[in-house]
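Let me begin by presenting the structure, written as structure tokens, before commenting on it.
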Amino acid sequence: MDVEFTPSDTNKFEANITKQHQVIELNNQEEQQQPEQQEQPEQQEELKDNNEKIKTSEDSTTTTTTTATITTTGENSISITVTEANNNTNQLNKSTSSSSSLNNNKNEDNKSVTASIAPSSPVIESSAIESAIDSPYISSASVFSNATNNNNNTTTTNVVVPPPQLLESSTENITSAAEITPVTTTTTEETINIPKESIEVQKQLAETTTTAAITTTNSTQVTSTTVTNPDKLKCKMHRSNFIMTQIGGKKFTEMTLEQLLDEDDPQTGMGFKNPGPQGFLEYVGDTAPPPTPPPISTSNTTGKNTGKNSTTGKSEGKKATSNSSNVPPSPVLASSASPSPKLKSSSSSIRNSGAISGTSENGGGGNGSGTISKNTAPTTGNSTTTTTTTTSTTTSSSKDRKSVVQKQSTLGRLQKNEEERRKRKEQKRSRAREKPILIAGIEDLPAECLKMVKKSKIPEDKLIQHLNILLPILRFRTGYNLRHVPIVSSNNSTNSLGSSINKNNSNNTTTTTTTTNTNNKSPEVSTNSLDVNIINQNQNQTNSVQNNQINTSSNVITTNVIPTTTASQSSQAPYHPSHNGNEEDDYDDGSRLENAILPKGTVDLIETDRDVKKLYKNLKQIGSGGFGSVFLAKSTVDKCEIAIKKIAHVSAKAQRTNLNEIGFLNFCKHPNIVSYLRSHLVDDTIWIAMEYMQGGTLTEASQGHTFNESCIAYVAKGMLEGLMYLHAHNIVHRDIKSGNIMMTIDGKIKIVDFGLCVDANERKLVHMAGSPFWMSPEMIRGESYGCPTDIWSFAICLLELANGEPPHRKSSLTAMFTTATEGCAGLDKPERWTEHFTHFLNLCLEMDPSKRSTAEQLLKHPWINLSENPETMKKILAQIFIANVMNHLDN
């Protein structure tokens, strides 16, 4: 078998073995070996009997006895002999004995130390050998494995060392492995009864392990040479380097660095329980173990009689687990009850499978599955102390390295969000082209709409009362083509459409009279009615019936269905199966324009002949949204960094929207509006080049900083100056929100994203557009709107700075429904703010748009005079957005 001696072992085993030195003459050495050879046949017979018992007993276990003999010969050599015996019995009997004597003889050339250890591996219990090998005076070591019989293994290691006088003078290396003192003989015995149920569980565990099977051969001899380094045992240095380089000097306790690196104090120190580099890896806890090296098979001597007890395959795994009692799989330090000096042992966590495995799966370190349990029981005697030490190692695979979940890159996350947004839009467009869904009550809503209504927690009585407001909101959010259809029965009583239909059976005929209300403001029913069809479901016959005609047949139910249309519905084109053109624009989420509104820009503003690769260098994506993606680039023309907005330019709708934005950007020239440079058509994408503003959006600022009134007034002043410019030219932005307000580290406030801009002079605006939380009541209700709708949205932005988020942020349906029916509640904590601020907000949040203050009037309000100093605001904004700027530079 191969024996590996390494100083970087993970577990520190305190062996309760007393040591004595006995000087033996070279002439008597051969005489001592002869009795040992005569005892071997007796041991073989005994082992055969034990193997026979194992075959017939389910509770059989394995006992391993290892004898290590260290002999010093001559002036510069040490002979180390390790003998291991595996004995199978019905009970796990462990016996540890160690005896030695020290005779001061004139002949100092011959020294021998003999230790009998059970059960353990030579690697674990031979710290003295390890220390000798690790000595800086040792140049090489040779390991020989000689197989003797089926269950008796002998390992001899020859090491070249300096003279004893020089070896004794090197106390640092010697004491690190063993302190040799004359002590009394110690005998250790223990008997453990393993339950049958425990063996079954351990057998199942062994079958699932991935430990490499140990190669079995009749006789194997392996010779290796190891060259050690004097710095091999300097674990303190390794731990210190790890703390400073790998975890940035971070300490997990209040202890000093010297205390952390201490290996002797049981109260402190990273390496006390487990010395060596692996000790502090276990100490820090969250550090992953080192990579698992390829498993190394070891030679084990087996004969013909061990065919059924082979150490390979399932049988080997089952035998291995029989040695492990019900103990945790992590290493447990076994302390000694003996007051005698301890043998300082640093050993690997070895995974044994019936026989001794020479190499740890963790590569000589890490948290192995080996366990050491201890039971101590004092016995009466002259000078004998009985101690039981059990070394049990289970055959289980090493724990995999913790999977580190890496965050998605900014580019990947933005692309994913953009793809999801595109899919939602396509779904809404598809729903808008479907046949209208007639809604007479809440129960008629599609499942998705019902889910949104339930989540909003709006009282049902309010939903029923304002159903004509609820349906446009649901259509805006989901894309469903919902039509409000109030029901009026023949006796002038209102019935539910759903209940009327449910009353009809297969033999009934329904007569429906439909009227259309052309008045956009009045919900009253028109007296003009239309001819309707009487559909007989059984006979498929169609008859013409005049309005308000009542069929007196007992099998026929006649109902007058009179839908009333609101202003928002009056602008909708009637449904037709072949209408696939621009129907989708009437059931939009706010990202598209009405067909009747002509785009502000023309194709002459788009450059197609210039090579963008030469104009712009080092493009880096820094943002994404429903509008497209934004990139930071170096402009060779402008000699500065610019922002490039990329938008798809394929469909007619996209082309119209892009031309509209380019036209308004090209037209608007104001310090509080983003500066436009130029546009390019690249394949099927429009590139809009604009000034790059170092900073972030108002949304980011409100989430990461608490603004006082003076800072809010500063932002309000900049926004109002930009809005006053737009409104002076009858331009309605329609998408004023915190995400479209840029705040730079230079203290500038600028309005961006002009894709939904429209000229109010062209026609009366009734189309719902924009973002739900910032929409004005008149837009949600489907009434005509104009520049005052931007003032409402502007006030919501100020509330977002004051409250930290817009009103009703958890539900867009609740926000829109409450805004349309009740208005805005205002500040969350009015007592924290001045009366001037509250009055300013009230002027902006008037439900009646005609009473709402204009941007020019608001700029004259006394509250605006509280605006923060520009130099102070620069420092505040630079502090808020410095992380964004650095992130853009690093990407």
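Glycine is treated like the rest: Cβ placed from N, Cα and C.
What Swiss-Prot says about this one:
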- Asp735: active site, proton acceptor (ACT_SITE)
- Ile622, Gly623, Ser624, Gly625, Gly626, Phe627, Gly628, Ser629, Val630, Lys645: ATP binding site (BINDING)
- 29-41: compositional bias 'Low complexity' (COMPBIAS)
- 45-58: compositional bias 'Basic and acidic residues' (COMPBIAS)
- 61-70: compositional bias 'Low complexity' (COMPBIAS)
- 86-105: compositional bias 'Low complexity' (COMPBIAS)
- 297-314: compositional bias 'Low complexity' (COMPBIAS)
- 322-360: compositional bias 'Low complexity' (COMPBIAS)
- 379-397: compositional bias 'Low complexity' (COMPBIAS)
- 422-432: compositional bias 'Basic residues' (COMPBIAS)
- 495-522: compositional bias 'Low complexity' (COMPBIAS)
- 616-864: domain 'Protein kinase' (DOMAIN)
- 24-70: region 'Disordered' (REGION)
- 85-121: region 'Disordered' (REGION)
- 264-435: region 'Disordered' (REGION)
- 495-526: region 'Disordered' (REGION)
- 565-588: region 'Disordered' (REGION)
The rounded CA-CA distance in Å from Ser624 (ATP binding site) to Asp735 (active site, proton acceptor) is 16
The mean pLDDT across the domain 'Protein kinase' (616-864) is 91
Gly628 (ATP binding site) to Asp735 (active site, proton acceptor), Cα to Cα, whole Å, comes out at 15
Per DSSP (helix/strand/coil reduction), the residue listed as 'active site, proton acceptor' sits in coil
Cα-Cα, Asp735 (active site, proton acceptor) versus Val630 (ATP binding site), nearest Å, comes out at 18
Quick note, Val630 (ATP binding site): same-chain residues at least 6 apart with CB under 8 Å of its CB -> Gln621, Ile622, Gly623, Ser624, Ala643, Ile644, Lys645, Lys646
Cβ contacts within 10 Å for Gly628 (ATP binding site), all chains included, total 22
